[in-house]
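Below: the structure, in structure tokens.
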Amino acid sequence: MGGGRKRRRRDGTEAPSIHPRNRYAAAAPDFAALAELYPSFRPFVSVSDRGRASVDFTDFSATRELTRVLLLHDHGVNWWIPDGQLCPTVPNRSNYIHWIEDLLSSNLIPPISNSSGRVRGFDIGTGANCIYPLLGASLLGWSFVGSDVTDVALEWAKKNVESNPHLAELIEIRNANAVSFPYESEAVVKEDVSENISEPAEDAAMQKPSILVGVVQESESFDFCMCNPPFFESIEEAGLNPKTSCGGTAEEMVCPGGELSFVTRIIEDSVSFKNSFRWFTSMVGRKANLKLLISKAREAGASVVKTTEFVQGQTARWGLAWSFIAPRNLVVRSSTPARNHHSFMLQGLRREHDAFQVLKSTEAFFRASDLSCKTDTLSFSVDVTLSDEQAEAAILHGDDYAGSLEDSSAKLQSVVKGISFRITVFEQIPGTLLIKGSLINKALSGNLRVSCDYWHVDTNLLYASFIDQ
Ligand SMILES: C[S@@+](CC[C@H](N)C(=O)[O-])C[C@H]1O[C@@H](n2cnc3c(N)ncnc32)[C@H](O)[C@@H]1O
């Protein structure tokens, strides 16, 4: 999210960049230095005539050894997986962790009470590699429940936790097959009705393992859940990327209905845990599915939906987050006048909070929401642009405030393009700043209210974030 220098794709859209807090953002792993330090890694590193060290990513053993060495060297984590299991790429997986960190630190929705005071996450389908709990615990001290359904994943996830006594207290591995019955998952109930089958819920659950319902206990609460779902409907669809060999068995990569079905079930289950999770999140592999899932989360009653795009080699991946918790700064759309500018004063600021610092904070604030920003330090202004998805989400966001969901799909179809606004910071006297925002593309008359509301919501949050400082 945000930060870093953005690359442009051929179609002119911005390519996502590595998260600025990712430890590999400044410099990619140094294979030669790692080979010096770790003799077991040495056979997998070749050095060109020009002295450039490289690793053959089409070799599973090389990819796995690189992951092992990076986890050990940079994260102090002991790790291994058996042949053929999905091998995670440490820099890519770290981006998802940092995006969640951004969601948790945003003021958008209030925190949920958590007795330990420690961030607690639920990793759906943690895999044999257990990568997200190991990264979240080692990088940020978070605690996790990691669930899975296959024997090999459960066995190796546990082994990976036990090999790290310093993290073992923080990570619990849970078998999602061993659900606590009886339970009534909406998904199961709906299915029984639609197929007119009078099977007991247990039998239906045997066919489709539980995801959250029955796995999460009633008394539990989590700051977030995350998931790298089985993306594909068949192993043929999963195919093989000839440029890499990250392994991955059918159990890991495939499920009936693919990611759309899997993440839909998470959304359906999330309704039963509206107040037990602050954020529900999942990775999504297809843009078309992302759009459908945004709508499904809204239909399920989510009050906030956020998305991001992850940098993931040649393959595009998105992050989807939703919550049922009411946003802190409610702006009632129907009563918000359709203005194309808005301003407020910040008074009594400390000396170090001058116009320049506030301008930089403004930029950082919007970048943290994954909006594209261009700052002009001469005019003390920052231009903020929403992507099409963000604009769509803004429209839907607004509908919830207005309390009407009926016309949301119609509005979704009238795609809003090119929403951007300018925030300018004026220093009135030391300690007093005027923050002014105005729409840049006023030609958007039909969507002016939406754009203005989006800006209005975010400037309220912006204001709140200054007050918090
Ligand atoms: C794509 S893998 C992700 C593994 C790991 N989290 C990663 O990012 O490399 C998906 C995982 O979901 C697991 N899975 C499938 N159905 C599940 C369910 N109902 N509950 C929990 N895990 C499930 C699979 O066994 C597999 O380990």
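Just so it is clear, glycine is given a Cβ too, placed from its N, Cα and C backbone atoms.
Features of the protein shown, as given by TrEMBL:
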BINDING   Arg93, Gly125, Asp148, Asn228  S-adenosyl-L-methionine binding site
COMPBIAS  1-10  compositional bias 'Basic residues'
REGION    1-20  region 'Disordered'
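Shown are the binding-site residues Arg93, Asn228; the one with the most C-beta atoms within 10 angstroms of its own C-beta is Asn228. DSSP gives Arg93 (S-adenosyl-L-methionine binding site) a helix state. Of the residues the record lists as binding S-adenosyl-L-methionine, namely Arg93, Gly125, Asp148, Asn228, the two whose Cα atoms sit farthest apart are 18 Å from each other.
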